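A.B. asks: So Swiss-Prot lists these for the protein:
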type     : residues                                     : note
BINDING  : 16-19, Lys38, 45-52, Asp223, Glu375, 391-392 : FAD binding site
SITE     : Glu121                                       : site 'Important in orienting the L-aspartate substrate'
ACT_SITE : Arg290                                       : active site, proton donor/acceptor
Amino acid sequence: MNTLLEHSCDVLIIGSGAAGLSLALRLADQHQVIVLSKGPVTEGSTFYAQGGIAAVFDETDSIDSHVEDTLIAGAGICDRHAVEFVASNARSCVQWLIDQGVLFDTHIQPNGEESYHLTREGGHSHRRILHAADATGREVETTLVSKALNHPNIRVLERSNAVDLIISDKIGLPGTRRVVGAWVWNRNKEKVETCHAKAVVLATGGASKVYQYTTNPDISSGDGIAMAWRAGCRVANLEFNQFHPTALYHPQARNFLLTEALRGEGAYLKRPDGTRFMPDFDVRGELAPRDIVARAIDHEMKRLGADCMFLDISHKPADFIRQHFPMIYEKLLGLGIDLTQEPVPIVPAAHYTCGGVMVDDHGRTDVEGLYAIGEVSYTGLHGANRMASNSLLECLVYGWSAAEDITRRMPYAHDISTLPPWDESRVENPDERVIIQHNWHELRLFMWDYVGIVRTTKRLERALRRITMLQQEIDEYYAHFRVSNNLLELRNLVQVAELIVRCAMMRKESRGLHFTLDYPELLTHSGPSILSPGNHYINR
């Protein structure tokens, strides 16, 4: 039995960060758009991004330099075409953001002219990071949200989780296999609704919540990667999860990130005894790429048996620190730490998913009509390690590129008037919610211990056995009980955990963010780790 559609649009965008909202605004003058947000519309990784956006605005810088820096940080397996595509379109996409009203910091040059204040971060050979103090993501997100909420062709559905994608062949529709919409969990009504769309875009962010310690907000549960996999899309390079070197080590602020820009402006990493250690690991010192810095911190913590290392910028003038890092300064002061006077305790934490759903230059996946942009996707830009401040840039460039392709294809898109309703005829209300909570904590703990910064084959095998057991329990629970937010996220996280481990087991080398004691050397020839649904394989 089919039902009239509860929601219908030209384009359904799942996710409300920089990728999803920039795409929505580019499409909305010509198309009807629905944006799903799991929580409040501003909640997501974009809002919490501190550093900035990389683009060539300085006349002493060049696109070629941006490309080469990205390739070096990516440890030899970036897709050069993707890197050149993003770097060459960076300035125009950042300019679009400025045209929307985003205010980046400026300063007065010695000649009296005003220009953007550009910072330098790890891996960059030039100052090319546009920023809004130390809260760039907040400035970007609040500006885009304001524009989206006031656009007549954009509907934002808050507290709405995508349960799964609706694929044509799975509901008996003839013709080319394509996405026709999604089932959506309305958390306010506690019911699953149907949403038809001529095109669906995954802009759901990454999967760092699969780890016990993360800088990401709670919504980063790998939903888009898991849904795309279940829909039949390939994924790639999920073994490369970036651990940000400097998350605050404090019981009252476990998810708080200390931006790369602190080290870009001269902060040192120190042992508990006050000595620096980064020069022992890399000639670039504190400005080495994140994978090297995170491993160095992890090494020193384990070698010394220390709970944390320290980040120290107190040798810089206090006014300079307060001017450039006002949000961090106030946050730390509220926790009893004076950034201008003392070192800050830090630990690495899961931060960014460098792999994801395989896409082309326009964000197209393996399923007709389905796109993936931003952190959920694998474009080839990041390779084995993302360079600082390339993530928001990737959101903007592929938001633009996907909008061009969707608009070009929209006249030929299929339209339908009914979809099958969500079937709850054989499920009941859950009676043991503790099962979800227990499995949730178990998953995140063993992923941190076995599939973290340093790995071994035995640890990966042990993790995969645990994942298989959890999947059986969760699948049984999902089949018999009504859905909930925690169940949906756990189901997706366990699926992504499996994909991460399988990718990691395929890579018989240590490269970038994937470091294994069993294969500490680099292979001479390497490439992306690609998984295909129903036929796990590697393609190098």
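Positions of Cβ are set from backbone N, Cα and C atoms, glycine also.
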A.B. asks: Using all protein chains in view, find how many other C-beta atoms are within 10 Å of the C-beta of Ser16 (FAD binding site).
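C.D. replies: Taking all protein chains shown, Ser16 (FAD binding site) has 32 Cβ neighbours within 10 Å.
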A.B. asks: Taking DSSP as the reference, which of helix, strand or coil describes Glu121 (site 'Important in orienting the L-aspartate substrate')?
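C.D. replies: It is coil.
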A.B. asks: What's the number of neighbouring CB atoms sitting within 10 A of the CB on Arg290 (active site, proton donor/acceptor)?
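C.D. replies: Result for Arg290 (active site, proton donor/acceptor): 26 other Cβ atoms within 10 Å.
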A.B. asks: Near Ala19 (FAD binding site), which residues of its own chain have a C-beta under 8 A away, given they sit six or more steps off in sequence?
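C.D. replies: Sequence-distant Cβ neighbours: Ala203, Ile373, Gly374, Glu375, Glu394, Cys395, Leu396, Tyr398, Gly399.
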A.B. asks: Using a 10 Å radius around each Cβ and all protein chains in view, which of these binding-site residues has the most neighbours: Thr46, Ser391?
C.D. replies: Thr46
A.B. asks: State the three-class DSSP label for Ala49 (FAD binding site), counting H, G and I as helix, E and B as strand, and everything else as coil.
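C.D. replies: Ala49 (FAD binding site) sits in coil per DSSP, no helix or strand.
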